[in-house]
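Trainee: Please see the structure below; I have some questions.
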Amino acid sequence: TTFQDGGEEVEDGAVYNVTLKKVQIQQAANKGARWLGGEGDQLPPEHTVRQYETSKIRAIKAGTLEKLVENLLTAFGDADFSYISIFLATYRAFASPRAVLELLLDRFGNLETSSNGEVANLNSLESEMVLRAEIASVLRAWLDQCSEDFREPPDYMCLLKLLDYLKNNMPNSDMESRVQNLLKQFQNQEVEAVDGFYSTSSSGLVDGEELEISNPEEFSSFQDHVVAEQLTYMDVMLFRRVVPYHCLGSIWSQRDKKENKNLAPTIRATITQFNAVTKCVISTILGTRELKIQQRAKIIEKWINIAHECRILKNFSSLRAIISALQSNSIYRLKTTWMFVSKDVLLMYEELSEIFSDHDNYLTSRELLMKEATSKFANLDSSEKENQKKSQKRLQLQKNKGVMQGTVPYLGTFLTDLIMLDTALQDYVEGGLINFEKRRREFEVIAQIKLLQSSCNSYCLIPDQKFIQWFRRQRHLTEEESYKLSREAEAAADTNILSPKSQKSMVKRISTLFLGTDVFTPPKEQPPKGSPVGGSSGESTDSASVSSCEFNHSETEDVCVTPVSSPEDPLKKVQLRPLHAAGRPKTLAQGSCSDKGSSSKGSIFDPGSGSDSGSIPSRDSGSVPSSGPKVLPVYNRQSEGSCIIRVSMDGLQDSVYKSILITNQDRIPDVTQRALLKHNLEPDAVEDYELVQVISEDKELVFPRDANVFYGMNSHVNFDFILRKRA
């Protein structure tokens, strides 16, 4: 089979991509086949008659909403077999369920009016049966893949409209019974806010219980694999409930608006759980002042072992949460405590950390996730013999149970990718047509999420109520508290009875491990502006970068752990920043975790970094050429006259950045206006603001009022900008 580009076909209200498919067909006469040495009716290759058949595949590229809905009925005839799934997974970005249902049923499904010319050749009974079958196929797929679209309490208008249509056109059908059952199911279910297993209030606790700082002895009583299994159990329950279309950049990027505080609750629940794990790690290590250095080091070792167990269970969400917490400033700065962590455990920690390296847009974690997405068990490999033996032993125990495992991803990566796509591609093309090519690109990411959700059905985990109650009871430290306790713990460690000789030996061992040299350079303490610096884990993500782990949380979900690595830091330096609700992968935090002093390249969406909202110039009215650049614009690199920059607001929101696509035609007023819109501010106040590029901690580049941003910016540093009010 070979394919050939057939160009485009333009109709009123739609543009189609045409592909010619050439298929080789082998035919042979039945008579005489055996005489020529063939088996049955098949001729041997040398006597085969070769013929070719060419068929045309039409895939809609852009169109009006009416054309896109109509294409649901004709896609199979055009050989565009994935169209229905793509449309159902992404249409919420440009239409409501009611609008699509009304078009499908009233305009195309009304057989009495359709014969007037709305749909051709419906004058015969056969045509009516074909149309009814096509509509039934679309409705069946809709109910199978996106039944949550019809959950509209308390009226359920769409479901009632669908039921009325089925009673009139398909009475007593299986479809009618199914819709009736779905309606009863929705009506009987209590409307619950999806908040997972973690609650910041005491309402989730048993009567008489209060939030408390973890007791080290109680925490130590839980076996490492039990903790990992219970974290995985909670992550699986939440990830399976994620509604895929909530991850779309155009939807997730709107979470900051006041009217959208309840937007995408399934994603917020996942992010809340991620942050709860991160905070729990920090609280167990720092929460008890009386701990000795060795005891604190043992707790760190325990969390590293738990992270390793999460790796065996293919739970990349809790794995990243734990690593992020250990890389946070408040934990990372405990240099004396880290000296007491055994060498084997430190090597294991480094190997686990490498999984989430931001190198090459988080290529390692992406490749590993896809490799293990549908595998029965984890593919473990360690450069350390002892760790390798331990890993294989634990893995063999899992295999002996005979139960396959699913895969829980770090959701931030997908959020970043989708926000990046939303930022880089326009919603509409010339003529005001909906850009459906953008939706096809988004569906590639959505399909991965659905595949992983399906794999999670393989898990067979039983909840341990003792651990879950302990986990819920934990009182999490604030950034100020964790930083203060970290300083106290380190000060106490400095007065410990370690001899200078043993200290030197320990420092040399650690530095050799991480740097390959005999010089150990502890991270510089950087007290936060106005408050102590907290640790953060993950990568900072705005909404379009893969190297940031940004999952902005709101209010109760606002702790984002974001490691910021630099050449002089042996361990990855991380800073805890408020988690907004962006969709990139800084950590699993919902927001961008980038700040003026950090330079974390990549984010959840870079397909690894995070951009908080994705929009493009002239987002709703711009035009896109029929054949755009082969390489999408990305953060930190100018390519083919465009790039993506991160813009944060000076002042209260300086910890949240937005990813903005700029071209070589954009000047300061254009970029400023888009940045204000992204931050939900009044776009008319362009003249009141100035745009500044951050060059270093003490240097910045201020642009004149009408400068060309693309050519004026410094392309040798991070593309991080600040928008501040003019003096």
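The backbone N, Cα and C atoms fix where each Cβ goes, glycine too.
OK, TrEMBL features for this one:
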type: COMPBIAS; residues: 541-551; note: compositional bias 'Polar residues'
type: COMPBIAS; residues: 591-623; note: compositional bias 'Low complexity'
type: DOMAIN; residues: 56-187; note: domain 'N-terminal Ras-GEF'
type: DOMAIN; residues: 223-492; note: domain 'Ras-GEF'
type: DOMAIN; residues: 641-727; note: domain 'Ras-associating'
type: REGION; residues: 518-634; note: region 'Disordered'
Trainee: When the domain 'Ras-associating' (641-727) is classified with DSSP, how many of its residues are helical, how many are strand and how many are coil?
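Mentor: Its residues fall into 21 helix, 35 strand, 31 coil.
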Trainee: Over the domain 'N-terminal Ras-GEF' (56-187), what does the predicted model average in pLDDT?
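Mentor: Mean pLDDT across the domain 'N-terminal Ras-GEF' (56-187) comes out at 85.
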Trainee: Counting by DSSP, what is the helix, strand and coil composition of the domain 'N-terminal Ras-GEF' (56-187)?
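Mentor: Going through the domain 'N-terminal Ras-GEF' (56-187) residue by residue, I get 93 helix, 8 strand, 31 coil.
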